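Input: a single structure, listed below in structure tokens.
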Amino acid sequence: MMEWETVIGLEIHTQLATQSKIFSGAPTAYGAPPNSQACAVDLGLPGVLPVLNKEVVNMAIKFGLAIEAQIAPRSIFARKNYFYPDLPKGYQISQYELPIVEQGKLAIRLEDGSEKIIGVTRAHLEEDAGKSLHEDYHGMTGIDLNRAGTPLLEIVSEPDMRSAEEAVAYMKKIHALVRYLGISDGNMQEGSFRCDANVSVRPRGQIEFGTRSELKNINSFRFVERAINFEVERQIDLLEAGGEVIQETRLYDADRDETRSMRSKEEAMDYRYFPDPDLLPVEITSEHIESIRATLPELPEAKKDRFISDYGLKAEDAVILTASREMADYFEAVVESSGEAKLAANWVIGELAGYLNREDIAIGDSPITAGMLAGVIKRISDNTISGKIAKDVFDAMWNGEGDADTIIEQKGLKQITDTGELEAIVDKVIADNPEQVEQFRAGKEKVLGFFVGQCMKATGGKGNPAQLNQMLRDKLGK
Amino acid sequence: MHDKTLAELARDLNSGTYSSEELTRHYLERIASHDSQLNSYITAATDAALVRARAADEQRAAGEAGPLTGIPLAHKDIFCTDGLKTSCGSKMLDNFIAPYDATVVSRLNEAGMVTLGKTNMDEFAMGSSNETSFYGPVKNPWDTGTVPGGSSGGSAAAVAARLAPAATGTDTGGSIRQPAALCGVTGLKPTYGRVSRYGMIAFASSLDQAGPLTQTAEDAALLLNAMAGFDPRDSTSLDRAVPDYSAGLGADLTGLKIGLIKEHFDPGLDGGVADAVDAALAEYKKLGAEVVEISLPNTHLSVPAYYVVAPAECSSNLSRFDGVRFGYRCENPTDLADLYKRSRGEAFGPEVKRRIMVGTYALSAGYYDAYYIKAQQARRLIRDDFVRAFESVDVIMGPTAPSPAFKLGEKADDPITMYLSDIYTIAANLAGLPAMSVPAGFVNNLPVGLQIIGNYFDEARLLNVAHRYQEVTDWHQRIPSGFE
């Protein structure tokens, strides 16, 4: 049986978070009524001309610096010519021969904890097209040009990835990066972050690439993984059956979990790229690049290293906490107000992430704010409640029952610290379980856990496990 | 009143000889009575023009009149005009009313000028005879059996016949200068980037430039004062101060160095035109100028380079006319491809289709390097020729067109011969230089133009050189019979 190797390159389109469009003053906000955010320039009316929004250039520079790429001192906008109803001018303004960003790189972390460097061939600026609306038009097609002219940064990787998992890790890394940089909201439901995947397979050991297919317009991490895996299997099956992969564009259908052909290489369009005579070359001085560099926020790698050194976190925890800027900021806010870095890390990675995942909520929308989580952590560290009770408090906070202190107060969850009260409970538990007492005294240390559990149960969880442990040892040891 | 220049009309309006409303009404009446012979207008503004004229009169009464307040003019139908049809000479835009004014139009409106209407033109400015217009050919007022030149043929004919005291035009390969020459008026194509292209329907974006067609260089200066300047809506317009073009008129020409383009006196040049140019140069010598022969060795590349670059850009610029959002849409399209094919097929004329096909071919994979890149290289050589020439001369002169107006239909079926009508004008567009055509005599009772090319942003000198010539000649004052 032949062993196959997968080769993947990604083209990621990320919408830049500018107030206005790339070549017009129209706003870019999502979800407005159709064609309410398209001005004469976006509609491609006769006689209108594009004027470059300088902010997109600065955003592209930020991205380039973050991936240690070369920023072109001179880049050119070109026209990509094709007809489509949602492309008002009959051409898309993009960059072709001289893109603004070239030759960057990015490290991804693999499941075994090792790192891999993925090359970024180029990143270029372009305008988005509008949308064709096929529903609710009685068999006709509606055109919404609100999105036309929205700025995009297209980030093209080298064919450096060898599995769907690596592709997802890379895509997540780029996603986190553009959000760290504040150049995109990365909203995948709204199409602000989407990708095309170039996928091929080759016999392991072969130098040349196999024939690739291009999977279009995938807008979630899960779909990227599924689409690639489906496509890899399809290509291997085809080759093993003696067939050939043809170079083509394929569409991933999430409902059916399959890819299907859109057009072959023969049908591929000739876009007739040429420099756009309406726009001047973009010239960027090294002084300007340095001024942008000075505004860069702390990037994930640097933040991770700082979390390890400043907070004494384990490397794997630091990686998780810096995976997104929002999570890192949340974590730091919890640390700042609780003063407990390790507890904060455990709670953010454990309980909070669990709840967020379960209900598919972004950390920015968490019903438990960083201040609230810090509140419960403070009560753990000052022994007001046990870690176990804290989980109940957390659950109550999640359900909107107030902050930690209110819940502890209202539900009477305060830990019992009165030694007399606890002693009575301990004595009762010992008296009720003579068999286990015998076992413990015969040297079966594990039974101590049973006693602690019984005592906790008797206190309704409000006992301090460490305190109970000590009291039990003292009494049983007699 | 219609025999007056802009400068004279301004004086009469200021002295109260007549009002802007009377003046505007007079021109509208002339258009109504005379234009059926010429077909120089596609749309006349009528009521809207009178409203603006009355507003201008009020402005004058309030003491707020500028040098152009209340003076009527016509716009080539390539400039978008808010509320007034902008057809670009095409069936494609026969139903198109722009929701905004081109920058040129809004600047002239702000100067208080009154729009008389929109002038006829070759379809999408593609043509040298005004015969490609969807609205029918324009006739040359000097001989209605001949063409007025193109593509700004309607503007040139209207000014020549005094159906407008002045008009705007656009020049991509000679579209202001060649019709100015053939109709006996003064035409100026400014430096590329001097005048905003916003709202001017694009033909070939890297070559298109708007400019005035007037009776005199003095009037051209007045209009350029209002038209020129940086426009934040046009990235290719230059942020550079605009001088007062009227202020420099009358300066002495003693010592002016005129370069005469050797290559333009070729066998294709009509003998009568050559004689007229010689006679004009003799006048300049009398004015103290010195004439030296210069060579532009790459000038023969102009027409071939132009007919790659201009169609390439137009093939892309005209893609927006797809029947989806505005303009012509075919009836009952069966699917998307049918919508595109028939809307474009039914609404574009043959010359526009020819250029779209040539341009599409030139940009295609496998041909791009051989055509488009090569043409851009030729363009650089042509520009370098001029840069070198301007190291030793102040202005460059030659004929504007190889012959006077030709007969309607004479070249209509022969695109290559037609393209050669612009053989002397195209180089200035490829190089981005300012250039003028001024009336310089007659051959067989048809006007002949002298072309004057200036250095970058040297419009002030160009206008003065033309003005001094017009002070000692009267070719520009002649009015075709039947239009006096």
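From the backbone N, Cα and C atoms, a Cβ is placed for every residue, glycine too.
Here's what TrEMBL has on this protein:
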ACT_SITE  B:Lys76  active site, charge relay system
ACT_SITE  B:Ser151  active site, charge relay system
ACT_SITE  B:Ser175  active site, acyl-ester intermediate
DOMAIN    B:22-463  domain 'Amidase'
Residues satisfying Cβ distance under 8 Å from the residue listed as 'active site, acyl-ester intermediate', sequence separation of at least 6:
B:Asp122, B:Ala125, B:Ser128, B:Gly150, B:Ser151, B:Ser152, B:Gly169
List every residue in the same chain as B:Lys76 (active site, charge relay system), at least 6 positions away in sequence, whose Cβ is under 8 Å from its Cβ.
B:Lys118, B:Thr119, B:Met121, B:Ser152, B:Gly154, B:Ser155, B:Ala167, B:Thr168, B:Gly169, B:Thr170
State the count of C-beta atoms found within 10 angstroms of the C-beta of B:Ser151 (active site, charge relay system), not counting that atom itself.
35
Does DSSP give the residue listed as 'active site, acyl-ester intermediate' helix, strand or coil?
coil
Mean of the pLDDT scores, which run from 0 to 100, over the domain 'Amidase' (B:22-463):
96
